[in-house]
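A.B. asks: Below is the structure I would like to discuss, written out as structure tokens.
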Amino acid sequence: MAGKNELMYRAERRPSPFFERNVVGSCSRSRGSARTKEDAGSFVVEAPMGSNDYALIERRKHLPDLLAMLGLAFDQLNTMAWVIDTEGEIVYANREALRQVGTTLDEIQGELFERSPWRSATEDAKQTTRDMIARGLRGESSVVEDFIRGAEGNPVPVLFSISPLYDPSGKIVALIPEGKIISDLKGIELELKKERLETQMWIDSMAAMVIKSDPDGRIISCNRAFLKAANLNMDEVRGRFICDISHFGKQRKGRNLLRDSIRNAKDGRGCGIEIDLSFSQEVSGTYFVNINPIKDDSGTVVLLVMEIMDISEQVKLRELMLVREQEYSARLEREVNRIRELLKRTEQFNKSVIDSVPMGIIYLDADNRILFVNPKMQYYLEGAGVDKKCVIGKTLMELGMHPANALWEDASADYQREAVFGQSRMILRNDTGKKFFFEVLSGPLKSPDMHIKGRVLTFNDVTEKVRLESELLSTRIQAEKINTMSLLISGVAHEINNPLTSVLGCAEYLTQDVQLDGDLREISHIIVEEAGRARDIIRNLLEVTQNSPISEDCCDLNNIIRSIVGLRINELKTMGVRVIIELEPDIPQISIGETLMKQVVVNFIQNAADAIVQSGTGDCISFRTMREDEWVVMEVNDNGPGIKEEHQSRIFDPFFTTKPPGKGTGLGLSITYGIIQRHGGSVWLDTATVGGARFIARLPTAHSSSFPDTSCHELAWIPSTVLVVDDEQNLCRILSKYLKSLGCEVDIASNGRQAMEKIENKAYDVMLVDVRMPSMDGIELYQRIKAKYPEMLSRFAFMSGVSELDITATSTAATVPVIRKPFSRKDILRFLSTLGR
């Protein structure tokens, strides 16, 4: 669209003939003695100076501005618009009109409108344009649907109109053509025609006859099936009543029924009727007529839709079914009589079946005394030591059989009142006290006159099933204990690790003080060492009670055994236990962390020593190591009492212990088993050993390339700015001191909300964020940064006082680096180096 300055330029420098003849001329004619002349491209009016002359001159000075504003208004239209003079020449075309044909105002100004690119496509278009201009000059507006050739030569449908433009005196001074692109309307019109055609085709394809009528039943349209049945065309049926086209023969009732149904539908009540009618005098049939009213938005019935289906075959089939049903009833009666005779002959057969049923059966009389037992029940009783000769006439209680719960006992009399079946378990104890469990189904035993005279019981031996259920219940209880312990340890670890991190950090900070005297320095080192020991204990508990990721640390097994035995040797001597070690030299390191392996060795020693001391049997524990291919094998032997056969399958179960209450937790061997299994090894009890116990552990060897050297304390990369986010203020202060000593600029936030405020105002090289915090935790902070600042995710790291499971459970943060609390200066150095890479 031309700018305002350009339009004003056109108005001042290049006045159109239309402007000279009509706009300026009209001003001249309004003043009889006025005249115009062109003065340096502007229009000036020379006239005798009357009382209003100065105002007129002032208005005419602003005519170019008015014309520019008129052009701006035209260009805002989303339709094509022109201004043509009374001779049909184009004075102005708006931006939309120029864009449609790809031309400019300079190219078409002054050209006849009928010869312009918009109207010169065909001779008919030119003639139509001339006719519309003629009507416009007569003061009439006209509208016509036509098309133009677009800028790319394609035909574009347009709705054209031409209206006259009057001056204040009522004279037509110009015409305003307007063109509206109706491509979308044409598309909608074609789509509606297509949908209408598809609907009619769909209705015509229906086998049923479909009629659309007015509320009184006069036919408006119908499908092809109805026209074919009536042998008429659409013009012949339109406007007629269905009752006038159909033939009801002598059944006047059918005609009245159809009329009543149409009246009901007119009142808004749809209905369906079954009537006999025909569309010719010779052939008739039974039809189902379904009439549904169609209502407008106000609820007034405006149309009726009738669906007429020929159900002559269905009626014939229905009548045939009635005949067949009568025949079937007679045949059924004959069959019942035959079965009654058969039942009499099969009574003996049924007894044979009962004798061969693979479950025990007992008949009881009204006094609960045994009347009959089948062979399978006899087999059960004999297995429990009950003489079959003493069974008949006894009660179940007298045989040593008792209900497993009181409910069955209370329900035992219900059979006398109601014909109900009950299920329960019963226990049979023999003379040795051994228990046999049975699942029992009970029901009433009726006489031929349907009086209850006793009950029948079926028995199924479930002794083995009960044993398995008991073991399963014990396993579930143990699993619940482990789960509860895991939750407890996780919570305690989080609460301990935060202050422990502060203690470890402060102690390490003191050790770096060169002015510290010898005693204080020694005390500081002791604090660091003991805090590290407490950290290892907590991590060990978390790794045992949760499926934590496997550590990539490795250790020397021989050194571990020597170290633990050396620490415990005096204690074991006072208990009367000696230790023998046979260690193969130069065995490779194993891929289990030092702390965990120490726990394994301690558990083996403690378990063997407790067994020797409590039983008073044996006095020796031995360790032996050797290499087998890619494995390191450790054997632990003792000459104590050994492990009973019934306990051997459960020694690695959590909480299983043979020690007296208060003397053991049942977790030692379970923890040992879990540590070795999670690292790809295996451990088992050698059941072939006679006297004492022998455990064998196969441990995976470590490859030197798999474990990075962690002895380097130098930091390869130092971040410039670090954000520490933790609700533990002491931890934040000591961590801040250490990072500042490395040359880092450190900011502290106590929760995720404060951290977000700092991140929005400042970019950080590293963000160390605690997982568990009030207000907004670390996981939610990570998710917000991921959504708002995804480029910062590579700088994000978690600090966690518990297992990584808290983080990996949330898949969106599963790949974030984690440093475990409590951490030392060395841990921070190593972690920052990892982030730098």
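Including glycine, each Cβ sits where the backbone N, Cα and C put it.
According to TrEMBL, the protein carries these features:
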type	residues	note
DOMAIN	66-111	domain 'PAS'
DOMAIN	141-194	domain 'PAC'
DOMAIN	203-265	domain 'PAS'
DOMAIN	491-703	domain 'Histidine kinase'
DOMAIN	721-836	domain 'Response regulatory'
MOD_RES	D770	4-aspartylphosphate
A.B. asks: Can you tell me how the residues of the domain 'PAC' (141-194) break down into helix, strand and coil by DSSP?
C.D. replies: 12 helix, 30 strand, 12 coil
A.B. asks: Compile a sequence-ordered list of residues in the same chain as D770 (4-aspartylphosphate), six or more apart from it, whose Cβ lies below 8 A from its Cβ; state 'none' when nothing qualifies.
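C.D. replies: For D770 (4-aspartylphosphate), the qualifying residues are V725, D726, D727, E728, D777, G778, F798, M799, S800, G801.
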A.B. asks: What are the DSSP helix, strand and coil residue counts for the domain 'Response regulatory' (721-836)?
C.D. replies: 59 helix, 23 strand, 34 coil
A.B. asks: Per DSSP, what is the helix/strand/coil residue tally across the domain 'PAS' (203-265)?
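C.D. replies: Once the DSSP states are binned, the domain 'PAS' (203-265) shows 31 helix, 12 strand, 20 coil.
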